[in-house]
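Novice: According to TrEMBL, the protein has these features:
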ACT_SITE  A:399  active site, GMP-histidine intermediate
BINDING   A:95, A:203  Mn(2+) 1 binding site
BINDING   A:202-206, A:324-325, A:373-376, A:380, A:399-402, A:475  GMP binding site
BINDING   A:234, A:324  Mn(2+) 2 binding site
DNA sequence: ATGTTC
């Protein structure tokens with residue numbers, strides 16, 4: 001990134017002052033090395049987002065940011081409905097409510113080390129993975145609507161988990177305001193057979209060990225000790241989210257023109273929050289959030305069954321479940337005023353600071369668990385919402401390592417087979433239906449996740465709690 | 001991310 005137009009606010013904060021059509025500045029939270037390595041398109045995209053009607057404070061990019069559809073991935077932007085604010089399908093992304101859920105296994109490294117190959121095989125057999133994969137469930141129209149309204153709560157009531165799971169999920173497992181009638185028949189049809197499936201791309205199920213603790217107090221609150229084994233699921237709303245994104249993007253291109261919104265980029269298509277289309281999109285997007293929460297709940301059940309094959313009687317309670325592709329209505333204080341905002345987080349994790357009323361009581365003293373999925377074969381991280389430093393970017397943090405190159409470039413550089421073999425030699429077992437997918441997800445196709453989370457911490461977005469090392473990865 | 005181009 002050419003930084004000549006940027007002003008450095010602090011060692012980990014870079015401001016692109018408002019100019020031209022920008023209504024607010026753009027701000028990137030990153031180290032100098034990370035921001036210099038970012039594509040110039042990230043700067044162009046935050047400038048474009050900053051020009052949208054009703055945006056407040058700034059258009060933000062997290063340290064893992066990279067070029068995306070309209071909005072950068074790793075982007076955060078909040079809008080005020082009372083000031084003509086908009087909602088944008090491209091600001092949420094196509095994989096609506098893609099997110100990360102971590103489960104405690106109660107096992108230690110020594111318990112699983114010798115069983116790793118069997119664990120990998122059992123998980124791979126039970127977890128449907130890959131493009132177009134289908135699950136054991138076939139939802140009727142009535143069940144589909146109940147799922148879209150109920151999210152993980154619907155899944156728990158259908159036998160896919162325990163009541164206790166719900167307290168460890170954002171929104172207590174059920175996003176309010178979902179409108180199944182705003183979801184097209186096509187979107188429902190695509191999802192009918194896909195509940196309880198991992199999908200493809202960067203989605204995975206990983207068995208991990210807590211390698212090192214960085215914040216003992218928060219680790220204790222989260223129930224983490226060195227040597228603990230976790231199971232982590234990274235996936236989203238499958239075909240449904242993608243179809244909703246496609247449907248509404250098309251409608252928003254027309255609606256934006258009709259509302260007289262000049263779009264700097266067609267991919268920023270949006271609708272006023274205070275409009276019929278804006279309300280319908282929010283209803284459909286919230287239904288897709290519930291779809292993703294239900295999907296991760298069903299995958300949790302499959303994961304528990306797989307572990308129980310090797311460890312009879314085992315329980316896998318939730319650590320937490322975060323969604324990192326959403327638009328959520330939240331209250332934030334701006335210039336001393338409490339305001340109701342619609343916060344788009346696209347490849348960005350909500351990161352409530354300590355004391356937030358929506359956090360489970362046992363986490364309230366240390367802040368929200370922020371689950372960071374690393375790239376395949378590299379570390380993942382648990383962070384805590386910005387305790388002590390105050391919230392930034394509407395209480396948001398990074399979501400992963402962030403791609404450092406395109407899938408195309410990764411395919412040119414690596415072969416899936418050798419990536420699998422090299423990771424196996426390091427004790428990391430990969431199981432995937434797609435060697436091509438594995439090549440696209442090669443560890444070096446991503447930024448250094450350690451540098452990303454360090455920048456997130458030093459920018460004040462979140463605090464590092466624990467680093468996790470992968471043992472087994474079921475790759476979609 | 002994605003029935004990888006209705």
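Glycine residues also receive a Cβ, built from the backbone N, Cα and C atoms like all the rest.
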Novice: With Cβ-Cβ distance below 8 Å and at least 6 positions apart along the chain, what are the contacts of the residue listed as 'active site, GMP-histidine intermediate'? List them in sequence order.
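Specialist: Same-chain residues close to the residue listed as 'active site, GMP-histidine intermediate' (Cβ under 8 Å, separated by 6 or more) are A:62, A:64, A:74, A:100, A:324, A:347, A:348, A:349, A:372, A:373.
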Novice: Measuring CB to CB from residue A:402 (GMP binding site), give everything in the same chain under 8 Å that is also at least six residues away in sequence.
Specialist: A:63, A:64, A:65, A:66, A:73, A:74, A:347, A:446, A:447, A:452
Novice: Taking just the CA atoms, what is the gap between residue A:325 (GMP binding site) and residue A:203 (Mn(2+) 1 binding site) in Å?
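Specialist: Cα of residue A:325 (GMP binding site) to Cα of residue A:203 (Mn(2+) 1 binding site) measures 14 Å after rounding.
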Novice: Would you mind pulling the DSSP three-state label for residue A:205 (GMP binding site)?
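Specialist: Assignment for residue A:205 (GMP binding site) reads strand.
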Novice: Using a 10 Å radius around each Cβ and counting other Cβ atoms from all shown chains, which of the binding-site residues A:95, A:325 yields the largest count?
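Specialist: In terms of Cβ crowding, the pick is A:325.
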Novice: If you measure residue A:234 (Mn(2+) 2 binding site) to residue A:375 (GMP binding site) at Cα, how many Å is it?
Specialist: 11
Novice: Among all chains shown, work out which of the binding-site residues A:203, A:234, A:324 has the most CB atoms within 10 A of its CB.
Specialist: A:324
Novice: Give the helix, strand or coil assignment DSSP yields for residue A:325 (GMP binding site).
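Specialist: Once the DSSP labels are grouped into three classes, residue A:325 (GMP binding site) ends up as strand.
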Novice: If you skip the near sequence neighbours and keep only those at least six away, which residues in the chain come within under 8 angstroms of residue A:205 (GMP binding site), Cβ to Cβ?
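Specialist: Non-local contacts for residue A:205 (GMP binding site): A:123, A:127, A:129, A:198, A:231, A:232, A:233, A:234, A:299, A:303, A:473, A:474.
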Novice: Tell me the Cβ contacts of residue A:202 (GMP binding site) under 8 Å, same chain only and six or more apart in sequence, or just say none.
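Specialist: Same-chain residues close to residue A:202 (GMP binding site) (Cβ under 8 Å, separated by 6 or more) are A:234, A:373, A:375, A:400, A:441, A:476.
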